[in-house]
Every structure is written in structure tokens, then in C-alpha cells.
């Protein structure tokens, strides 16, 4: 998508500005990077070669020469690739626009086109008369221009239309013309077309007559991304006809008194838009022809549109509004006003009573005070209103009007270093497959070509949270065209379950289901469409069970836990609390998080047809685990199953356990049918079935002195594990192992529990419980500071409690925190923290409804697996007679660059260029018994195994090199072959002997620690809760980086994922346990617009690490937590707002700190006016 967006931009504008680039990329999502590398790459197309980085961001790789950094190029930045290796942009070499399409566009008389499918007919009329006749003949047939609404209804709601009319050829629907009262546009015009019309009109008409144009243009820029607006996927007519209550256009169209012309056979009628939108979806019965966007010649008119959404772009609005006021000439007395809200009812809502309060009165505080009270009474939302956030939405109606007030007041007042050049280790090196991924040549699982006789598998899931299965009826499904078979638990020839930490998990539910989304059976058909229809036809009968548990509170009450429950303690906590001068108890809740890897779970299982062999192509972090699962499920030895992983389109911990189960189900289907079977989950299925990060409830009690020293802390963590154990017990353990974070608390106790509930089971996610754990710890630090009336960054709070010399952790592992302290001091300096703190205090004193906040947080993150056997790795290296090298190892490439780093390792050890080294795939046929690519340990382990194999080969070649010291690599290899020297070797790395004894509460569960410190500053709109990250500075100790460019990319990507976790991403479940948020329209991850305006990443200089390859450190997971610096900066800004409201001291702000939570926490008088307590919320508080 990003490549095509840039291609389109360059076709239209060969010399774009950075503003053009960022606008063109809007709407595209990436889960792996922090977006900066993408923007940096596209900057090469900008007019100025010295174009600054987006938002002023910089990446500083200050490892110094002793770390093997590269020679800098111009501007002091290392070169990741040579532009000379790539062809320059030459617009003259672009493919010409197809002449036949140009000729087709020139033809005036279009003929009607019909396309007849198996069940549906698609008709595209050539003229308006034909369209009207078709609509008369098929009154129930929907009109489709871009399929935005109809397609979603058919896909997700199962709505079927035997006839669809597509009037894309009707000229009257895609035209524009000017009339006396405004601009008329066809109902079928795309948003981009309408945008261009409005932009021209703004230039052509006097400024005083373009208020409505500007307001509408403001909203159009927020409708989808550029790609969506470019085609008729989002039309003006579609926005009106769908009558969505949170449409961004309808409130402003209504406020502007715009009109539409509707036609039917023999009838033409004009309507004022607000008359039909505030009632019901009447306009669906009409064929809309044109819209007239009115204008008024008036200096006294103010028209504005407002919008609040979970994300600034490509997100449906929570609440929006269109407002228009017309003042009497040379007066502030209101002559006419319109206020329309979206997102607060079944249709848009006209605030008629509030408008009546204003008309004829001067625009002043007394008038507006009455309006606020009227709006509170006029706009009501029930406690279970769809979308939830009831108090927040009602508060937004007041806040948006207040923002309009501020705008009106302004307008009325007219205030307007010795390493060989060939050795790539330590140098920034481009990801080895970056170009093929950018061009679309990189092959993912679902890109594998279809094989002869291939079938598609679709999973059927439970619709009940807890019930007995009384019957599965798939007779109707088997009657449907293309359906071949239905797979149930009875079809599994081997083990019907997988065992995790002592608990069994059924592959397919047989007698009982324990959550909505549990896999019950699977339909196999000759196509995806047929399999989907077959799955919908399967009928499952249930007998509901009443003991349903959804929340951790319910689990605690019913003692529903997965065992063992863990506890760890050092010192005497009770004594420490007694000796403390102050004691405070607090809590915080951290919501779950969806992995949202861009490539969903994907599988292709091919039966070889001999001795029960199976080839499994899939997207997994742990091929050997899947190999074992498939073999046990089919009742065959593991040597009959080979798993192949080319690359993954993201994983983040989510492609291990459930992946093995899904692969096993697919393999059963392939075994039973004897044909290849493919299974690729759709986004909604993936989100429903696979689970995500554990929601955690953290409770703490802390004792401290008046100088800020913490004497004791007691923590209790409850994690919502879901219906099966998965890796939840291990997550609960890791939470306790990171209980201290960076702080040396003498008396410390932690307890954790994995709660068993009737929600889909949660699993591993980048950080494995640490991001949740540390947010609770830092919240405690924050509350101590607030209780003392100080800043948590002051020496008396965070620094005084930080580890400063060789110490023991609470599990008695010795470590040296020198680099932790260095990171802290350097980040304080690089971020200019203290001076900015003073500037923020001044800003907050001068601004009532805008507040800024700044926070700096540290992290100490353990690297490696506490289960020692998981730290081993193996590799296989072949050297061919032409000198080329093929490397195989047990790590999987997920975008994190492990293959690139391994390539650098092989290059150094064999002393050859990286261009001679190739890594094809990760395969259990080449390297057996691999361990998962996880825990930020992939390069540590697999790099050492490859190093071992390469050293073996290089030592074998030593006699050859001595005989011919001036020979080339290719000469040496040919000679070795002729002298019968083996050119293949296996390498092995035993790994660290790590362990944790939970009975003794001591051990060495980690090989070493990665340290980092992050500082972020935000600006918060107290009226809406919206915020912008103004600046982020990160200092990370990653030892001597093998590849600084990849490591910085990992740091930035992890930070952005953490930012999403702590401020944006929300999983919503219905009161009956149904996941609401099943796609990007409901679940929002960070986008380009959420990247800090200034983003600085620094690698700590002069660091080394004797415990890992080439003195590097694992970096994939630790900096996720640094996203919390934005969370605490928001909380800091909220604290300033609460101070204005007369509120001081600690307060609870749960994660994510969404605009809703931030706004309500500010406690403005608007939020206090609408606050109510509801007993039956729309969504569960998970």
C-alpha cells in the first residue's frame, strides 16, 4: 500500500514536498517500524536533497569507533544503501496510461454492462434513464459506486443482494456545475473530486462566501486516506444514503443547509439535507442525483466542523459536529444558528433547543452558560448505547461547542574507527529483503501459488461464552456447491489436544465451549467463498451454562485461577511499611492489546502422498513446535512432517501456540481429503480466535519517607488469561521477575495470578507481561510523587530509589547498573529535561484548556529464557563450488532483521562479502529441534550457532589458505573440493544455563539486562482529551550493535507499539463476551500522525556485553515499555488541568489513556456536568 501510494504521488507530482509525501502515506498502517524508516526512504524523492527529516526526528548512533561504527557520510549520517545501485526516478520511463482506457473515457454513449455470477447479477447502466428504469424494475437493488457499505454488509452481516446496480457510467452522477446559490456536484463524485471542486471554489470566490466550502473541505481531508478518496469508494451520495450517525460529512452538510435532488421514475424532488437526516434513513428510497453546497456572501457567518476520533486519521469519529452561526451586521447578536452532532444517537442530532436559547441574544458568557445546561438535558445517551463511552461522548458535545465559541470570539474580535572495510558487523546495513518487500516480490505464505486440487479451510467458532454442545449439524453445508468436507474433533487420528504448562487445550471443541470464538469445526471447500458459505451453514446447538466469568473481579470471587500462583519477596515488607513515614494504596488497570500483525495466520499443508509425509508452509515463530503438534495430531513421527517458513508479516509473540493448533487442524483436513489445504484467517477471525496481550489489574501498597525514599512496596497482579492457559502462567511469572524495574526497594513483595475466564485465551505478546508490570510500578512512583507534591523525575523520587551500584535483584541475581545510570543521565541531558520542565510550567500557567506534560522513565529488561533449554540454537552452513554460501538456522525472519544480522555474522567469520551469502528459509528439514524466535534472544542464540559453523568451515580451509595466501575465496573453495574437504558444517550454541527456583525465590533467569530511558512531552486538549506527542528522546544501551540501523528501527517500532498500548488501543467485549473490536475500523493502532513531532534515538556509547555475540544486546522487546513515557506525560498534563480545577494529589488514570479517559480525568466543569454512573455498560471493563 505504501509503495502504491508513493507511486501514485510521483506519477502526479514527480517532485513532491515532504508534506505531499506524508499526506500520500496517510491511511497506511505498519506494525513493525516506527514509520520513520519509511519516510526517510521516500524523502529521496523530495525536491531538496537537504530536506529535513519528518517532524525534525533524528537517529543518533553514537557507538563510537570502538563499537565498529561506519564512516559517516555527508551531514554525519551513515549510509544504509548506495543510491548508485538503484535507478533514479525517471518519469519518462513510466508505463503510459493504457490508451484503451483513455478512449473508453472519451466515449460519450456508454452501453449497459451486465455481469452474472453464481448467485448475483451486477448491472452497470449507461445512462440516467436506464438507471431510473433499473431502479423501478429492481426497487430493492442497492446502488453501488465503490462498495464501501454494501460490501461490508455482505461480508460481515451476511446480507445478500441478487441484483446490484452500479451507476459508475452515468455522467450526471459524476459532474459539477455552478449555480447562483452554490456549487452542485453529482452524488457519485468521489471525495477527491469533491475536494478538488471545493479547493477551486475557495480560490474562485471571495473569502466571505466560502465559509461552508472551507468547513466541508476540512472534514473531507479526514474521510479515509488519500487512496480511498481517490476512487468512488467514498462518495458524497454514499455518505448521505448510509446515514451513519457518525458520518463526518452529514453534520456539516446539515448545518450548511445543503440540498439534494432525488429522482425516481417520473419524479424529481429537492430536499434540505437536515430534514431527512435527523429522522430516519428515508433517503435510501431515493435515487440521489445531485447536491447543492450553498454559500452566503457574509462577513458575519462562521461555519466550522469538529471531529473527535480514536486516531487522527482513518478512524470513525467518536463524536463530530457541524456548527454555523450568522450574526447581525456589525453586531455579536445571533441572527441564525445551526448545531448538529453525530455519534450521539441513531441519526445525527439537531440541538434545536440550544439554538433557540441563542437566537436573538448576544454571543457572550451568560448566553453560552444557558446553552451548556440545555445541551446536557437535550443530548441523552442510554447506559448501553452502542459504542459505549457515554459520559465522554456527552462531555464532547459541550467541549466541541466551547471550541466553536472560542473560534467565534476570535472571529468577531478579528483576532486572528580499525575494522576492515569488508566486515559488516557494527555497521548500519539495510534489511536484506527491504527492496523485494518494497516492490512486492517478497513471498509470504499466502503468496505461494495455488497447487492442483487445492482446497480452502474455514474455521467455525463458538457463538456462546460457556455452553455444552448438544449437536453439530453440517448436513446443509455439505449440500452447498464446492463444499468437500467438514472436519470435527472425531476426524483427528492422533492427539486431540495440546498441553501447555500442565493444562490441555482441545484442538476442536467436542463437548463444551468456554468462550465466544473457540474453534469447533472446519469446513473444507474448493474456494474461499464456498468454504465461507459452508461455514455459515453449519448449525451448532448449545445448552448454556450459567457460571460465566469475564472479569478478574469475577475470577477472584469464584477463585478461578490457573495454577501455580506465584509469589516473591525480599526483606520484611510489613516492617518496612510500619517504619515508613507515609503509606499509600493505589491501583491501575492496563487493557489488552491485539497483535495486529499485518499478515494474519496463514497455512498451506500439502500431503506428499507417500508414507504419510506432510509439507507445511506457514507463518510461525516456532516451526519445530508446529512440526511436533502436526505429527502428534496425525499420529505420525515428526520426521514425516517438514515445516517451512520463508518470512512472517509480523508476529510479536502471537504466532506460536494458536498457530500450532490451526496448522494441526489444517493438516487433519489435508490428511483426510488427500489434497492440499490452505487456511488464511481473515482479520476479524484472527482477532477473535488468537487472543492478545493480557489485561492486568495491578494493586499496590507503598511505604515511603518524606524525602521520597521508598521503604517497602507490596504488589498484587491479576492477569485475565482467558479460557485456556496458553502461556499465561509464564507471563505471570515474568511479571514478578521485573517487579523492581530500575528501583532498589529494600522490602519488596509481589504476587501474581492468571485468572481463568470465559474470554478468548490471551497469549505471548512482545514484552511478555513486562509492559503491564512496569506500568504498575511506575504508577506507584508517580503516586508517591503526587502524594508528596513533587515531580517523580526529581532527585528525591525516581533517582533516589534507582539502582546505582553493583546490586542483587529481588531474586538474588547480581548485576551492575552502571549503564542504567548512564542512560538516565544522558537522556536527561539530551532531552534538556529540566529547562523544558520549567517552560512547561509557564505554558500551563498561561493556558487554561491546553496543558503540556513531560515524563522520563527508565527500564531494566532481562534477556533470555528462564527455561534453560530454550536458549540453545543450531545452524547449517553450506559452501558451494562457486563460492556462494547458503546459511540455515533456527530463527525466523519476522521483519526484525535476524537474517540480515546472521548474514553479517557469516560475512565476518568467513571473511567474505555479504553478497555471497544467502538465507532461503527456516526449515525443520535443515535445522531440527529449533527454539522459538522470541524473548529478544533470536540473534544471540542463532548468531552464535552460525558463528560456530562458519568458524569450523574457516578452520578447515586454513591449509588451503596457507598454500595459496594470495588466492581468492573462489580459488580456495574449488581447491578444497578437489582435495575432498567438506564444505558443509553444522554449528551449535548451548546457551546460558539459566533457571529460577520459585520455592527458594531465587535464581538467574536472565543472561543480562538491556537498559533504556525514554522522555516524552505531550500537549493535551483538556476539552476533548486529544493529545499530540511533541517530542520523544530515547537512550538505549544495546552493547555494541551488530546493525545500528536495524536496531534503531526495532527501538522505534517497539516504542510506537507501546504508545498504542498505553494511549490508544482498546479491546472491547460485549456483556456476553463477544469481541466488538474485530478489525481496523473498530481497533486503532498508531499511524503516521501519531509519531512524535520530534523523535530522537541515541545508542549509548562505550558499552559492551560479554554475554552475547560480538558484545551486542537483545533489543526487540525492552523499548515497548518506553511508550509509557507518553502515558505519564499525558497524566502530567492532566495533573496540571486538575490543579486548575482545585484537585490535587494522586488519582487513577487507567491504560490506555484514551482521549475519553484523559478528558474525564481533567475534570473540567463540562465533564462534571454530565457525569453519571451506569450499571449496565455497553462494553465490559476487561
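All residue numbers here begin at 1 and follow the chain in the order shown.
Using N, Cα and C of the backbone, Cβ positions are placed for all residues, glycine too.
TrEMBL annotations: computationally assigned, not manually curated.
Note that the structure is a prediction, hence the values are computed from the model and not measured.
Here's what TrEMBL has on this protein:
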| type | residues | note |
| --- | --- | --- |
| BINDING | 30, 32 | [2Fe-2S] cluster binding site |
| DOMAIN | 115-313 | domain 'FAD-binding PCMH-type' |
| BINDING | 143, 144, 145, 146, 147, 148, 149, 150, 248, 307 | FAD binding site |
| BINDING | 621, 652, 766, 935 | Mo-molybdopterin binding site |
| BINDING | 768 | substrate binding site |
| ACT_SITE | 1117 | active site, proton acceptor |
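Structural mapping of features recorded in TrEMBL.
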residue: 32; record: [2Fe-2S] cluster binding site; Cβ within 10 Å: 23
residue: 143; record: FAD binding site; Cβ within 10 Å: 23
residue: 145; record: FAD binding site; Cβ within 10 Å: 24
residue: 149; record: FAD binding site; Cβ within 10 Å: 17
residue: 621; record: Mo-molybdopterin binding site; Cβ within 10 Å: 26
residue: 652; record: Mo-molybdopterin binding site; Cβ within 10 Å: 30
residue: 766; record: Mo-molybdopterin binding site; Cβ within 10 Å: 25
residue: 768; record: substrate binding site; Cβ within 10 Å: 25
residue: 935; record: Mo-molybdopterin binding site; Cβ within 10 Å: 25
residue: 1117; record: active site, proton acceptor; Cβ within 10 Å: 26
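If you take the Cα of the residue listed as 'active site, proton acceptor' and the Cα of residue 935 (Mo-molybdopterin binding site), they are about 7 angstrom apart, rounded to a whole number. The Mo-molybdopterin site is set by 621, 652, 766, 935; from the centre of their CB atoms, other residues of the chain with a CB within 8 Å are 651, 653, 654, 764, 765, 768, 894, 933, 934, 1116, 1117. When the Cα atoms are compared, residue 149 (FAD binding site) and residue 30 ([2Fe-2S] cluster binding site) turn out to be 25 Å apart. There are 21 other CB atoms within 10 A of the CB of residue 30 ([2Fe-2S] cluster binding site), with all protein chains counted.
Nearest to residue 621 (Mo-molybdopterin binding site) in space, judged by Cα atoms and limited to the binding-site residues 32, 143, 145, is 32.
Considering only the binding-site residues 30, 32, 143, 145, the residue whose Cα is spatially closest to the Cα of residue 652 (Mo-molybdopterin binding site) is 32. Rounded to a whole value, the Cα-Cα separation of residue 248 (FAD binding site) and residue 32 ([2Fe-2S] cluster binding site) is 30 Å.
For the pair formed by residue 768 (substrate binding site) and residue 935 (Mo-molybdopterin binding site), distance between Cα atoms is given as 8 Å, rounded to the nearest Å. The Cα of residue 30 ([2Fe-2S] cluster binding site) lies closest to that of 766, out of the binding-site residues 143, 145, 766. For residue 143 (FAD binding site) paired with residue 766 (Mo-molybdopterin binding site), the C-alpha to C-alpha distance reads 45 Å.
Across the residues the record lists as binding Mo-molybdopterin (621, 652, 766, 935), the two Cα atoms farthest apart are 12 Å from each other. The number of other CB atoms found within 10 A of the CB of residue 248 (FAD binding site), across every protein chain shown, is 25. Residue 32 ([2Fe-2S] cluster binding site) has its Cα within 10 Å of the Cα of none of the binding-site residues 145, 766, 935. Residue 935 (Mo-molybdopterin binding site) and residue 145 (FAD binding site) are 48 Å apart (CA-CA, integer value).
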